[in-house]
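Here the structure is laid out as structure tokens; the discussion comes afterwards.
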Amino acid sequence: MERNLKNVLVISFGFLLLFTAYGGLQSLQSSLNSEEGLGVASLSVLYAALILSSMFLPPIVIKKLGCKWTIAISMCCYIAFSLGNFYASWYTLIPTSVILGLGGAPLWSAKCTYLTIAGTSYAEKAGKNAKDIINQYFGVFFLVFQSSGIWGNLISSLIFSQSSTKVEISEEDLECCGAYNCLTDTTNTTGSAKPSNSLIYTLLGIYTASGVLAVLLVIIFLDQIKSDQAETEKDKLEAPSFWSTFLATFRHLKDKRQCLLIPLTMYSGFEQGFLSGDYTKVYVTCALGIQYVGYVMICFAAVNSLCSLLFGKISQFTGRKLLFALATVTNIACIIALLLWKPHPKQLAVFFVFPALWGLSDAVWQTQTNGLYGILFEKNKEAAFANYRLWESLGFVIAFGYSTKLQAYIKLYILLSVLVLSMVTYGAVEYLEAKSSSGTPTATKKEDGRPFSQETHM
């Protein structure tokens, strides 16, 4: 147990270090690299590359390199993105975004494979239930990993708050903030003035060092999976041919329920993309300054993490329908309020209320949508979760893609429309389920899909 637990902790803290850097950088892209929409364009490209990576690379890379070296090399792809930000331009950020996207899917797949093998191995030796041990290992992993959203954003805010150039934001400039933001680049005239190069380089240096430490931690301390276990897992990965797995993803769309869940799955990408790409720029950075972005995203990450744990526990008592209703009402209220609210520095607390409520809603979208996929498509989980990653990632690509082309109020109306459509199609899925299997206690089944929700969070 000690050796297996050591390996679980090595992976957990490796991911913590890696995503402390990536999470902080993702939150800052729309504000830090706002010229010509470079930051959000890089994120759109990143998630497009992730879609391709999810479809093609994980089985091949894990089979060739094994889990340990897949994790280590994939982590280097994230470091490349940090390095690209040192001299941010279309020639550095776009290629490094592609590299990160291609490394993302093998990284998460190798992590899931490693923890599964480690849990199964220990369960066999100890005579325990393999699923219980695997769930325990994933629990330890996410307990450590989830805090990365706090540390990465805290580092960025602490560093940027050291800026000596505090720009006073005029009332005229504040008119450019919020849902009806001016289409001109306000970041050069308001309190969102770009920090000095020395502060940016300090932050990027810390983030890069954090990524390098993650790679070294894995290379030095993570044990290789025993050859017999690795071969068994390779056989599992190889069992369905590459093209059959690829085609199975699209063949799964023949299931009417999967098609009806596409709007809900894409909405998850839309709403996360809006918060990190638009709310941080046109509300927070515009009215308060870039140094507050980290603090605001910490609020989102903390509430999201706590509510994910809470909703995972109480869903067996409330059922998923009530939780979906809660998230829908909360998100609609936030969208309407963001359309009406004119952000002002005197209303500091309000800037944190929105990400807190957004975190509550997102926790439902993540846990319950994954649980729904796991329950509805129990016999085709691989193809189902491939569809989940595909459509959520597509939501990210679209959200970041139109981020610089449309004003915030149009994006909020799009969010509202997609959310309403999602609830209509989700209701249809529940109706079909009730019609075909009335009396089946599916709502209380244990959700196996939670780890997959993190794959598209990168």
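Placed from the backbone N, Cα and C atoms, the Cβ positions cover glycine too.
Note that the coordinates shown come from a computational prediction; the quantities given were computed from them, not determined experimentally.
Now, the feature entries from TrEMBL:
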COMPBIAS  444-458  compositional bias 'Basic and acidic residues'
REGION    438-458  region 'Disordered'
TRANSMEM  39-57  transmembrane segment
TRANSMEM  69-88  transmembrane segment
TRANSMEM  94-117  transmembrane segment
TRANSMEM  137-160  transmembrane segment
TRANSMEM  199-222  transmembrane segment
TRANSMEM  289-311  transmembrane segment
TRANSMEM  323-341  transmembrane segment
TRANSMEM  347-365  transmembrane segment
TRANSMEM  386-404  transmembrane segment
TRANSMEM  410-429  transmembrane segment
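In this chain, the transmembrane segment (347-365) lies apart from the transmembrane segment (199-222): fewer than three C-beta pairs between them fall below 8 angstroms, excluding pairs fewer than 6 positions apart. Below 8 A, the CB atoms of the transmembrane segment (410-429) and the transmembrane segment (69-88) form no more than two pairs separated by six or more positions in the chain, fewer than 3 in all.
Here the transmembrane segment (94-117) sits against the transmembrane segment (39-57); at least 3 CB pairs are under 8 Å, leaving out pairs fewer than 6 apart in sequence. Using a Cβ-Cβ cut-off under 8 Å and counting only residues 6 or more beyond its ends in the same chain, the transmembrane segment (39-57) has close neighbours at 26, 28-33, 81, 88, 93-94, 96-106, 242, 246, 249, 269, 273, 276-277, 386, 389-390, 393-394, 396-401, 403-404, 455-456, 458. When Cβ-Cβ distances below 8 Å are used as the criterion, the transmembrane segment (323-341) is approached by residues 178-179, 271, 279, 283, 311, 314-315, 350, 354, 357-358, 360-361, 364-365, 368, 408-409, 412-413, 415-416, 419, 423, 426 of the same chain, each at least six residues removed from its ends.
Counting Cβ pairs under 8 Å that are 6 or more residues apart, the transmembrane segment (289-311) and the transmembrane segment (137-160) reach 3 or more and are in contact.
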